[in-house]
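*Asks:* Pulled from TrEMBL, these are the listed features:
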- 59: active site, for OMPdecase activity (ACT_SITE)
- 61: active site, for OMPdecase activity (ACT_SITE)
- 61: active site, proton donor (ACT_SITE)
- 64: active site, for OMPdecase activity (ACT_SITE)
- 10, 32, 59-68, 118, 179, 189, 209-210: substrate binding site (BINDING)
- 4-225: domain 'Orotidine 5'-phosphate decarboxylase' (DOMAIN)
Ligand SMILES: O=C(O)c1cc(=O)[nH]c(=O)n1[C@@H]1O[C@H](COP(=O)(O)O)[C@@H](O)[C@H]1O
C-alpha cells in the first residue's frame, strides 16, 4: 500500500500560496483547503486550485443537525473537490444524511469522518466528559462512521494499526499530526508520528501543513517528505517481491 502527501494550505492569502503551488505542480497530487483559506477566499479559490491541476480536499469539518449538514454537502457538490470532512461526533444520523446527500449529488466524493482531533490527548478528552483513551474513542467513532456508510476517516497515525485490524480494508485513513522526531510536542499537535512511521503504520494519506509551510524552502520540504514516503513504498515493494 502506498501513502500519498496532502499539503495543508493553511496560509492567509492566495499570493502567499501561489509560488509554492507553482513549484509543486506536477509532483504534488493533493492540496487541502481548510477553514483559513475557505473563509477568506471561498469557493472561487477551490476552483482556482483545481484549475492548477491539484486534487482538492476541502476541510470544513461539518458538524450540525443532519438536515443542515446534508444541505451543505449538496451546496458543495458542484465544486471540484475529491474529499470533504465532517465530524463523526455529529452522530450516526448526521453521517447517514451527509453520505446520502453525497451519493445523490456527487458520487465520487470521499466523505472523511474526523474522529478525535490530533491536538487532543486523554486529558483534553476527559475535560469534555469523554473518559476514554484517545485510541478507544477513535475506534468507537470510526466504527460508527463505517456503519453509517462513510469510506474514509481522519485520525492520528497512532491509531492506524488498530483501525487497520478492526475496519474493512477499503477504508481510507487520512492522518494529520505529522512531525519529525525533533519537532514532536513543540506545538498544538499532541498525537504525532513522522512521515515514514505514519506510512509504515498504514496511512493512506498524510496531511502536513506547518512543517512544510514554515520551512526555509517549503517546496524542498514537501519534496523531501514525498521522497520519504516513496522510499518506504519502494522498500515495501522490494520486500513483497
Ligand atoms: O481534518 C483535518 O485535516 C485535521 C484533523 C485533525 O485531527 N488534526 C489536524 O491537524 N487536521 C488538519 O491538518 C492540518 C495539520 O497541519 P499542521 O499541524 O500544520 O501540519 C491542519 O490543517 C488541521 O486543520
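Counting starts with 1 at the first residue shown.
Including glycine, each Cβ sits where the backbone N, Cα and C put it.
Since we're looking at a predicted model, the values are computed, not measured.
Describe the structural context of each listed feature in the structure shown, including burial, neighbouring residues and relevant distances.
*Replies:* The Cβ neighbour count for residue 59 (active site, for OMPdecase activity), using a 10 Å radius and every protein chain shown, is 26.
In sequence order, 35, 85, 86, 87, 114 make up the list of same-chain residues 6 or more apart from residue 61 (active site, for OMPdecase activity) whose Cβ falls under 8 Å from its Cβ.
Cβ-based neighbour count (10 Å, all protein chains) for residue 64 (active site, for OMPdecase activity) stands at 15.
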*Asks:* Given the binding-site residues 10, 118, 209, state which is nearest to residue 64 (active site, for OMPdecase activity) when distance is taken between Cα atoms.
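*Replies:* Nearest listed residue in space: 118.
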*Asks:* What does DSSP call residue 63 (substrate binding site) in the simple three-state scheme?
*Replies:* coil
*Asks:* If the criterion is a C-beta within less than 6 angstroms of any ligand 1 atom, which of the recorded positions 10, 59, 64, 118, 209 pass it? List them in sequence order.
*Replies:* 10, 59, 118, 209
*Asks:* Can you give me the Cα-Cα distance between residue 10 (substrate binding site) and residue 59 (active site, for OMPdecase activity) in Å, rounded to a whole number?
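*Replies:* Rounded to a whole number, the Cα-Cα distance is 11 Å.
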*Asks:* Considering every residue in the domain 'Orotidine 5'-phosphate decarboxylase' (4-225), what is the mean pLDDT value?
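*Replies:* Reported value for the domain 'Orotidine 5'-phosphate decarboxylase' (4-225) is a mean pLDDT of 98.
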*Asks:* I need the CA-to-CA distance for residue 66 (substrate binding site) versus residue 59 (active site, for OMPdecase activity), whole Å please.
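*Replies:* Taking the Cα atoms only, residue 66 (substrate binding site) lies 18 Å from residue 59 (active site, for OMPdecase activity).
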